[in-house]
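A quick write-up on the structure given underneath.
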Amino acid sequence: MDIIRKISHFAGQTFGIWVIVFAVLGFSFPSLFTWISSYITIFLGIIMFGMGLTLQADDFKELVRKPWQVIIGVIAQYTIMPLVAFGLAFGLHLPAEIAVGVILVGCCPGGTASNVMTFLAKGNTALSVAVTTISTLLAPVVTPLLIMLFAKEWLPVSPGSLFISILQAVLFPIIAGLIVKMFFRKQVAKAVHALPLVSVIGIVAIVSAVVSGNRENLLQSGLLIFSVVILHNGIGYLLGFLCAKLLKMDYPSQKAIAIEVGMQNSGLGAALATAHFSPLSAVPSAIFSVWHNLSGSMLATYWSKKVKKKQAGSKSSNLSL
């Protein structure tokens, strides 16, 4: 069990690297990964099942302690990223399938990787976890409505079908995880250390499947999509941070909201695009998955070093006194 725990910890710590490696492999050897496309929803369901296994009462304490911060985080999550996605799609005159793909990822809840990045950034991790959890639980209703509102300009959208898909891929697996944890608490406590490894496998499988199935599209439109994804992600971080700052949240909470808004559940975006739209519509989600892990790591490192530098400065000033 110790070996699995160590492997799982290593996989979680190097998550972004594995996503990049398998994205490159999917692009270079597409025939090895295209078969995974049929199982994208299943892989996402496994990840969400793992989330259900790890949920606990403490995750909702922040909602009770500072409800307004959690509410602001969820509202920011579901307004900033969809609006930025729509603005980029409309302003840059993106092709319909790419526009819908960008809007899809923008309308998704926050990704669980944001909790890790917030922790590394010395941010308010409890707030990050609460916002991710609440936004994910609201996703079956909110995400389809937002997609219908913002994407109907380019392609027809069926919110009912999207609602059912999100129930199947997100909410039902989370509930199943909670039920399993309720009846098999001791067994789950022993197995929970392997969940980061399971999540990494699930995400790299989804990314490699989308990339391998869109090799030609990436050769034609990859640079455009990558540029839009970088803008989308970066503007999300900035506006999330400014929103929290304007509302006078403390600095750790500002960092949490910035990361929470900027990082999306791109696996859900890829699953919805694959099931309801074209393969090309899934590409922005796949690229977002690669990029936001890189940018999130860089931002977390910057903020972490800033905190350490400040602490070192205060220690030296105390010594001089």
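Each position is counted from 1, following the chain as shown.
Here the Cβ of each residue, glycine as well, is placed from N, Cα and C on the backbone.
What you are looking at is a predicted structure, and each value in this text was computed from that prediction instead of being measured.
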If we trust Swiss-Prot, are R215 and G296 on matching sides of the membrane?
yes
Across the whole of the topological domain 'Extracellular' (243-267), what does the mean pLDDT come to? Round it, please.
92
The transmembrane segment (222-242) and the transmembrane segment (98-120) contact flag, 3+ Cβ pairs under 8 angstroms:
yes
Is it the case that the transmembrane segment (268-288) and the transmembrane segment (70-92) have 3 or more CB pairs under 8 Å, with pairs at least 6 apart in sequence?
no
Which range out of 7-29, 98-120, 130-150, 160-180 gives the transmembrane segment (70-92) the most CB pairs under 8 Å?
98-120
Sort out for me which stretch, of 7-29, 130-150, 160-180, has the most Cβ pairs below 8 angstroms to the transmembrane segment (98-120).
130-150
So which residues does the transmembrane segment (160-180) touch in its own chain, when a touch means Cβ under 8 Å and the partner is 6 or more beyond its ends?
41, 44-55, 136-137, 139-141, 143-144, 147-148, 188, 268, 271-272, 275-276
